[in-house]
There are 2 protein chains.
Amino acid sequence: MSELASRAMELDSADELAGLRGRFVLDDVVYLDGNSLGALPANVPGRVEDVVRRQWGELRIRSWDESGWWTAPERIGDRIAPLVGAAAGQIVVGDSTSVNVFKALVAAVRMAGEGRDEILVDATTFPTDGYIAESAARMTGRTLRPVTPAEVGSALSGRTAAVLLNHVDYRTGRLYDLPSLTAAVHAAGAIAVWDLCHSAGALPVGLDEHGVDLAVGCTYKYLNGGPGSPAYLYVRRDLQDRFDSPLPGWNSHAEPFGMRPGYEPASGAVRGRVGTPDILSMLALEAALEVWGGVSVEAVRAKSLALTDFFLECVDAYTPAGRVESVTPAAHGERGSQVALRCDDAGDVMKRLIERGVVGDFRHPDVLRFGFTPLYVGFADVERAARVLGETVAG
Amino acid sequence: MSELASRAMELDSADELAGLRGRFVLDDVVYLDGNSLGALPANVPGRVEDVVRRQWGELRIRSWDESGWWTAPERIGDRIAPLVGAAAGQIVVGDSTSVNVFKALVAAVRMAGEGRDEILVDATTFPTDGYIAESAARMTGRTLRPVTPAEVGSALSGRTAAVLLNHVDYRTGRLYDLPSLTAAVHAAGAIAVWDLCHSAGALPVGLDEHGVDLAVGCTYKYLNGGPGSPAYLYVRRDLQDRFDSPLPGWNSHAEPFGMRPGYEPASGAVRGRVGTPDILSMLALEAALEVWGGVSVEAVRAKSLALTDFFLECVDAYTPAGRVESVTPAAHGERGSQVALRCDDAGDVMKRLIERGVVGDFRHPDVLRFGFTPLYVGFADVERAARVLGETVAG
């Protein structure tokens with residue numbers, strides 16, 4: 001056994017989170033794509049069956065009350081809250097990330113007031129945020145200005161209404177400094193909107209502690225909610241009364257069953273709701289969040305960094321020099337829970353890795369992306385993935 | 001046996017659709033709330049289990065291609081298309097009805113052009129359409145003018161950009177004349193947007209035949225897709241190139257995996273997509289739509305009218321004079337697939353009906369609502385419901 005393989009065994013033995021793997025349905029594949037679609041938590045199939053057969057099939061319409069369907073968006077929001085450092089009552093689940101970006105940005109611009117005519121958006125963002133930001137700017141009569149996160153400080157001014165940033169870059173895995181960027185946005189009098197898709201469930205976010213104004217995120221990556229499970233929206237408590245939604249559906253009305261012609265927004269996180277929630281996807285997510293029972297995000301973060309450190313070390317040892325190059329920062333403070341490797345023939349290499357049971361993904365044009373979900377990825381997985389990668393790129 | 005009970009038996013014997021009831025999971029409750037939440041189709045639980053355990057649990061990320069997840073919104077749209085009289089390639093499934101109303105109305109206003117500054121909306125609509133229309137008007141700089149459907153003709157003018165109407169009123173069950181109203185909207189040079197929530201799956205809609213421009217609808221009523229199953233958006237083929245979405249998420253990009261910073265809309269119905277589709281809810285809907293195999297909407301409509309005719313006759317026979325009053329039109333051409341009865345103590349009466357196994361619903365302040373889904377409601381159900389209602393309001 002190689003030195004790295006025996007190191008992996010020792011690390012797995014000492015891993016306090018190793019037992020969590022049993023909470024998921026996994027096989028002998030090394031699954032490093034949980035940053036795209038989290039693995040299936042073992043308790044989800046039974047829960048979904050109950051929702052379909054009993055709650056829908058037997059109770060039918062009564063389930064809106066009796067099975068707690070109506071209040072699911074807030075209840076599940078409160079379940080996500082501790083994972084992103086938020087007190088209860090500030091997160092609501094529903095709609096896609098894109099739709100929530102639209103709600104958040106338009107509401108942010110309205111909070112900032114008429115005098116501020118510019119929206120800043122991360123120019124390196126996952127594209128949907130940029131497309132939606134462009135629409136939000138167009139529909140609120142503002143100008144959209146794409147800037148790199150490094151340029152945000154100098155781009156901020158009295159014109160800035162809102163800034164939309166990613167906590168972790170989807171491509172490179174770079175972690176941005178949420179506390180200091182939020183503070184800079186606030187110093188300019190603007191509203192900070194954060195996209196947590198690639199950080200929530202992988203590392204501490206501290207929304208309340210750092211005074212974030214609005215945030216959105218998906219739930220199918222490190223939160224393992226299932227394909228296309230609903231996204232969430234965080235609105236800081238003291239801003240909720242000023243949250244003026246561009247999508248004021250009946251679910252966000254103060255009295256939704258009053259069927260009143262005039263819109264009057266509900267108080268609290270409920271104000272972020274729109275239409276009827278997609279109950280099957282939403283209650284699968286609720287079950288998936290139960291895997292977090294007794295798990296601290298700090299412990300997850302510590303293991304995540306150990307996994308990515310070890311992966312980089314193994315890649316360095318197993319891969320011919322110069323064949324791949326990490327575009328993920330080496331510094332812990334700048335690294336999310338993934339490693340992105342630049343590789344000329346990345347598309348082809350990823351196909352061969354998947355054939356050999358190592359699943360990551362490919363991002364155009366030349367990036368191999370490996371996500372590390374500390375709840376179910378171990379150190380032996382990491383060693384094997386790097387070894388297979390080394391053999392693949394050498395072969 | 002009463003004369004009405006024996007008539008019910010004869011009608012059930014002659015009912016060519018009676019066998020379809022076996023395609024659903026039902027018990028001895030008379031379920032007349034399918035206009036709120038359709039009953040569970042028998043093939044859905046097995047399909048959902050396969051989606052969860054195999055597609056998500058075993059194939060994981062590969063299912064986006066191998067299980068057809070990525071193309072589900074258009075594929076399922078094409079499955080809905082014949083039920084609403086649309087050729088393939090014009091309907092996409094996803095998001096809630098409210099979100100689709102926003103997409104459709106904003107896009108309609110943009111199609112109508114700068115010179116038209118007014119949006120007409122059905123003043124008697126299900127409230128969410130009105131709230132969302134108000135937001136669409138505000139964000140496009142137009143004025144919203146609520147009018148009753150009867151007033152639409154005189155309200156139309158060269159100022160009208162778009163008109164949002166309901167095919168069937170959610171409260172009274174009144175069916176509006178889609179062909180002639182659409183023609184009137186077109187004669188004024190405006191865009192017609194129809195909400196099909198209470199008609200699709202219950203009666204012929206004829207979207208293509210009548211030249212409707214845009215339409216939206218939910219799938220959890222007469223289409224039995226499950227609680228909060230995704231809604232759909234129809235964009236007439238020759239308008240698709242002009243469909244300028246206010247929610248241009250990455251799923252609607254011409255090259256979604258190109259991850260390009262600039263937005264370039266896809267061609268066709270795909271342009272109506274936004275973010276990642278909620279696969280569990282969506283594939284449950286796909287299975288639910290299979291119950292329509294071999295069923296013609298015309299036959300469903302004929303049975304629907306026979307059911308509501310018979311219900312009105314039974315209510316008249318069993319209920320003390322003046323105790324309830326139908327607010328649903330008697331004329332077939334003006335009736336959807338529900339009967340709404342005004343009743344002073346409607347809230348209390350509905351509670352007692354449900355206790356006795358007759359499930360309808362209550363709409364504030366004084367309406368008993370009974371929906372008739374011809375796929376699984378029979379004439380004996382109708383007679384029993386009316387008999388129990390008669391006993392309840394007399395007692």
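Counting begins at 1 with the first residue displayed.
Heads up, the Cβ atoms here are built off N, Cα and C, so glycines get one too.
Per TrEMBL, the features are as follows:
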BINDING   A:Thr97, A:Ser98, A:Phe126, A:Pro127, A:Thr128, A:Asp129, A:Asp195, A:His198, A:Tyr220, A:Trp250, A:Thr276  pyridoxal 5'-phosphate binding site
MOD_RES   A:Lys221  N6-(pyridoxal phosphate)lysine
Based on Cβ atoms within 10 Å, give me the single least packed residue among the binding-site residues A:Phe126, A:Tyr220. A:Phe126
Interface-adjacent recorded positions, chosen from A:Thr97, A:Thr128, A:Asp195, A:Lys221, A:Thr276 when a CB lies under 8 A of chain B: A:Thr97, A:Thr128, A:Thr276
Cα-Cα separation of A:Thr97 (pyridoxal 5'-phosphate binding site) and A:Lys221 (N6-(pyridoxal phosphate)lysine), in Å? 12
For A:Thr276 (pyridoxal 5'-phosphate binding site), which residues in the same chain are close in space, meaning a Cβ under 8 Å from its Cβ, but six or more apart along the sequence? A:Asn251
Most distant Cα pair in Å, residues A:Thr97, A:Ser98, A:Phe126, A:Pro127, A:Thr128, A:Asp129, A:Asp195, A:His198, A:Tyr220, A:Trp250, A:Thr276 binding pyridoxal 5'-phosphate: 31
Integer Å value for the Cα distance linking A:Thr128 (pyridoxal 5'-phosphate binding site) with the residue listed as 'N6-(pyridoxal phosphate)lysine' is 16
Return one of helix, strand or coil for A:Asp195 (pyridoxal 5'-phosphate binding site), based on DSSP. strand
Calculate the distance in Å between the alpha carbons (Cα) of A:Phe126 (pyridoxal 5'-phosphate binding site) and A:Lys221 (N6-(pyridoxal phosphate)lysine), and round it to a whole number. 14
For the residue listed as 'N6-(pyridoxal phosphate)lysine', what is the tally of other C-beta atoms lying within 10 angstroms of its C-beta? 27
Let me check the 10 A CB neighbour count of A:Asp195 (pyridoxal 5'-phosphate binding site). How many other CB atoms are there? 26
Where A:Thr128 (pyridoxal 5'-phosphate binding site) falls in three-state DSSP terms: helix
10 Å Cβ neighbour count around A:Thr128 (pyridoxal 5'-phosphate binding site)? 27
